[in-house]
Amino acid sequence: MTNNLPLIANIFLEYFDFASISWDRVWEATEQTLYMTVVSVVAVFFLGILLGLLLYETRNSESVWASILYKVVAFLVNVFRSIPFIILIVLLIPFTKALVGSMTGPTAGLPALILSAAPFYGRLVEAGLREVDKGVIEAAEAMGANKWEVIRKVYIPESLPNIIAGITVTGISLVGYTAMAGVIGAGGLGNLAFLEGFQRSRPNVTLVSTVIILLIVFVIQFIGDTWVSKIDKR
Amino acid sequence: MITLKGIKKTYENKAGRFEAIKEVNLTIDKGEIFGFVGYSGAGKSTLLRLTNGLELPSEGTVELGDKVLSELDKKAIRKERQSIGMIFQHFNLLWSRTVLENVMFPLEIANVTKSERLRKAKELIQLVGLAGKENSYPAQLSGGEKQRVGIARALANDPKVLLSDEATSALDPQTTDEVLELLEKINRELNVTIILITHEMEVVRKICNRVAVMDSGVIVEEGSVLDVFKHPKHPVTQRFVKQDREMDTKETKEALKELQSLYPDGDIVQLLFQGGSVNVPIITQVSRETGVDINIIQGSIQSTHEVPMGTLVVQLLGTKEKRRSALDLFKTYPIEVEVLGHDE
């Protein structure tokens, strides 16, 4: 037992040896992670709402074209939602290269991030839209509202808490995805933890990366929760 | 004002065909309060939605003034709906909007300017008696208040017609009366034609001028509320009218039992008066002329839109012959006589 103590102390030292961390690199990685998270969250937010509306509107439509569209979109959504993220990145490398011109760096991480999270969020939005009271829709139609007015003035505001809660959850998983993208070469805190922390055996860097990622997640959760409780008047 | 001609509505889906409306012909006049009464599934809800084009008839035409609804395109129908207000059983307010914003909603749809929207909404909130609640959210209001918001919202575009879909069915009796009074006031002061559907005969009795009783997609009886209440012909109507009276009869039955045991040789008779039609002291006269003793068990007045209707439950005491002649004499007056219980 007594022989083990110095070992544990050493492990502790390795983790908490903050002095030898190059903070410049940490900040750079943090910035990259934030960049990937923010850009992908914004893109996923708009894409997901569009997808959600598309899925919702075509789901039970009587038109043949709408139901075909629904089946196609629903199939693609299910496929992209089901591909493990790490495989999706690799799968998309040629596409990313063509689109971004490079397969490394934060921007190169974006296509995979958006493509994997937008279908997931689209389903959340669709579920939220389905919760909107049908009576309220009928009331709006009885007032003479057209489809677009019903979407803009009823569906979106009446499902906004669900839409916001959904993007909060999606945003948090996107932070996790950015870390995975980092391992492949997109940069950011995941990249830092992998290259510095793992490959060079510097657990102190890994710990710092973890703490910063946790902070980002907590901040997203806090913003989401506060926003939802502020707008939810039910 | 509103004419329904040869209306049929059939729904078809995988499960088969369903005839919601089999054949309806009807004219509703400007300024009246018209009630459709029927059990759920009778087709009244479909009929209401045909009048504002939320549903289109499978056959027949809906005429609003000089316009034929089924001939208009979608855009024109939407425009037409702006002049038809609608209120709902579950109010259907937007929880995300305040009272003021809810009332302004239809005005936004009609592209009214912001300042005019505000002015109109405030005026309507005043009219329905919700001044001071402008900035409350629906979740903070009681059922009655929510329906008032619903009414204000329905009136925002100065509609010619107000459709009421079971608007009081989710409310308690007291609140129902308040909302009905408000509807009556709107009909009187703003000259809005009101078409309502309900399964409560009480609602029809209290505010409607005319009523149509629906059963399985057809109108089985139609006429002025007073006529229908006095002489219900169709079994469904009879059931509705009876149900409406039953609120009082529960207590009457108790009293009836008691009296029957106290006076084993009495007849229990119900007399139905139509307000103002009787200028004779009937009870005294019958008692004097036939020599029966008359014991009043219960009396009640039911108000209708036009005149009150009185119900009097009495017990006739005396020999069988005397009682019979008393009953015959009652029947010579312009009242309805119904024997509720004999004792042989």
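Count begins at 1; order follows the chain as displayed.
Note that Cβ sites are derived from N, Cα and C of the backbone, with glycine treated the same way.
Annotated range for transmembrane segment in TrEMBL, selecting from A:7-29, A:99-121: A:99-121.
When each of A:34-56, A:68-93, A:207-228 is scored by its Cβ pairs under 8 Å to the transmembrane segment (A:99-121), the top-ranked stretch turns out to be A:34-56. Sequence-remote contacts of a segment are chain residues at least 6 beyond its ends whose Cβ falls under 8 Å from one of its Cβ atoms, and for the transmembrane segment (A:207-228) they are 15-16, 18, 21, 26, 29-30, 33-34, 37, 161, 164-165, 167-169, 171-172, 175, 179, 189-190, 192-193, 197.
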